[in-house]
Amino acid sequence: MSTVDMDAIFEEVELMQRPHKDKDGGLEEQRRECIIDEERKFVPDDLCRLQEESAIEIHPRATVSRSFGDGSLDGDDQQHVETNTSHPLPTKLYRRRWLIVLIFCLYSLVNAFQWIEYSSISNIIREYYQTKHVAVDWLSMVIMVVYVPFIFPVTWLLDKMGLRVIALLAASLDCLGAWLKTASVRRNLFGVTALGQFVCAVANVFILGMPSRVAGLWFGPKEVSTACSICVFGNQLGIALGFLVPPLVVPNSGDMNQVGERLSMLFYAVAAITSVLFILVFLFFKEKPALPPSPAQAVVWFNTPDEDYSYLRSIRRLTINPNFIMLTFTYGIITAVFYSISTLLNRMIVEQYPGKEVSAGKIGLTLVLVGMLGSIICGFWLDRTKTFKQTTLVMYGTSLLSMILFTFTLSLGHLWVVFLTAACLGFFVAGYIPVGFEFAVELTFPESESTSSGILNASAQVFGVIFILVQGHLVSDYNALAGNLFLCTSLLLGSIMTGFIKSDLRRQKAHEDAMKRQPMKMASDDTPENEGK
């Protein structure tokens, strides 16, 4: 990427600082008196108005220099941006950011619910539709299979069209898939319910890569990791409800007519909720704030013109970033463990504890709820310590230990022990997911958050399909112990690989560099002076 001269971009602004002659030959006043750096100075009218309306400190000169790379890039692929301009790089936090996160969490929640709603009652679904276990497993795996070929065009679309378009597509597809399922409540219509799940799987592609992008575009440097965790929180809460609600609504009664009625009730309720969420996205989900939320984002917004951005070049840079490649593999492994446990939990629990479908759902609920707590705690921790590498390594190692405990206590005959070990497993495995997202953004900045997140999720889906198929066959042909030992071995390999990832925190370096050269005050709608604005 070539060096960008910001003086040329803001030439018109600089010209506005000069007096111009009017028609009568007099000087036309185009500047307004404004307080800058505790002195009264004249600045262009638009900048003074920006200061007044947004409570932003205007600094007359800001020099930002940015250079990223680990030596593996050369020529035009080495990213370097320099600016030396009198134009300020303002930042501001908006209260609307919490509404954006809430809406995203809600429609992500419902999509995740639709992913796991079949697996949590897999034995009932298999009996009702008169099909095989592997066919029901594919209702979960279709989410992962669809993700891989769709993620790159969807990521390109996100970079080109923005968050709002992607959010609308996600909400509309999720709504369509939910309504298709309402038409599948007959014992010979398994294909229709599979079609509805396929449409929801396509919607999932538009959702999984968004947490880092939403957090990066709307939240400041001291809360971005927490915001990313909250976005992941919505998805995990949907999985938790997907474990809890279907076993309660659709009991294993043996009466297929009653099962059909309860499935119809479940499907119509979800369809109605997705319809409401689509309306909320359409009315209130905004593309991005008027001003960037952090100095690091300001560097990207103001210093990198859109025409210089190449999606294919961005992909190429990521594929030759060794730290990101290792993170891609390790993230894929640990997330696939979570997917596999979630998909096969009902089968493993019912095998060890016959007739305990509701308990299996509650164990899954426990696993995910405690994982949500882990996600939030890790988000707060990262925002305050920025110890991405250390946190990633600790979460991976403790995930391995928790998986070993879960494996060797599952068959002891005490459900309370399974609840306890599942809680430990959920805290560390599910809690790792936002940590991986944020670590990837740090390693790849200033590449688009959606691109790095998309590649991480693609890895997770590929490993997820492989792990579910392998563990499923091991559980069917041998027992749950064999399947879980396979997951333990995989986590051991991932832990070793994580130790080799270098802590190259490029986003933090950009933020620190920007703050040194441009010590501006960040405005916020949350501050008292901005209440009501």
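Backbone N, Cα and C atoms are what each Cβ position is placed from, and that goes for glycine too.
Annotated domain 'Major facilitator superfamily (MFS) profile' per TrEMBL: 100-506, in sequence order.
TrEMBL lists 512-533 with the feature region 'Disordered'.
Positions annotated as transmembrane segment by TrEMBL: 98-118 (among others).
For the transmembrane segment (138-158), the list of distant contacts is 115-116, 118-119, 125, 165-166, 193-194, 197-198, 200-202, 204-206, 208-210, 213, 311, 315, 339, 342-343, 448, 450-451, 454-455, 457-458, 460-462, 464-465, 468-469: same-chain residues at least six beyond its ends, Cβ to Cβ under 8 Å. Per TrEMBL, the feature transmembrane segment maps to 138-158 (among others).
Taken from TrEMBL, the feature transmembrane segment covers 189-212 (among others).
As annotated by TrEMBL, transmembrane segment applies to 265-285 (among others).
Annotation source TrEMBL lists transmembrane segment at 323-341 (among others).
Feature annotation from TrEMBL assigns transmembrane segment to 361-381 (among others).
Taken from TrEMBL, the feature transmembrane segment covers 393-410 (among others).
Using a Cβ-Cβ cut-off under 8 Å and counting only residues 6 or more beyond its ends in the same chain, the transmembrane segment (416-435) has close neighbours at 211, 225, 228-229, 231-232, 236, 334-335, 337-338, 341, 349, 362-364, 366-375, 377-379, 382, 388, 391-392, 395-396, 398-399, 402-403, 405-406, 409-410. The annotation transmembrane segment is assigned in TrEMBL to 416-435 (among others).
Sequence-distant contacts of the transmembrane segment (455-475), counting only residues of its own chain at least 6 positions beyond either end whose CB sits under 8 Å from a CB of the stretch, comprise 133-134, 137, 140-141, 143-145, 147-148, 151, 208-209, 318, 324, 327-329, 331-333, 335-337, 339-340, 343-344, 347-348, 351, 436-437, 440, 482-484, 486-487, 490. Among the features that TrEMBL reports, transmembrane segment is placed at 455-475 (among others).
Annotated transmembrane segment per TrEMBL: 481-501 (among others), in sequence order.
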Of 98-118, 189-212, 361-381, 393-410, 481-501, whichever stretch has the most CB pairs under 8 A to the transmembrane segment (323-341): 481-501
Same-chain residue ranges lying at least 6 outside the transmembrane segment (98-118) that approach it to Cβ under 8 Å: 125, 136, 139-140, 143, 167, 170-171, 174, 177-178, 181, 197, 200-201, 203-204, 207, 210-211, 214, 218, 227, 230-231, 233-239, 241-243, 245-246, 266, 270, 273-274, 277-278, 280-281, 284-286, 342-343, 364
Remote residues contacting the transmembrane segment (361-381) - C-beta distance under 8 A, at least 6 residues beyond either end: 116, 120-121, 225-230, 232-233, 236-237, 239-244, 246-248, 338, 341-342, 345-346, 349, 387, 391, 395, 415, 418-419, 422-435, 438
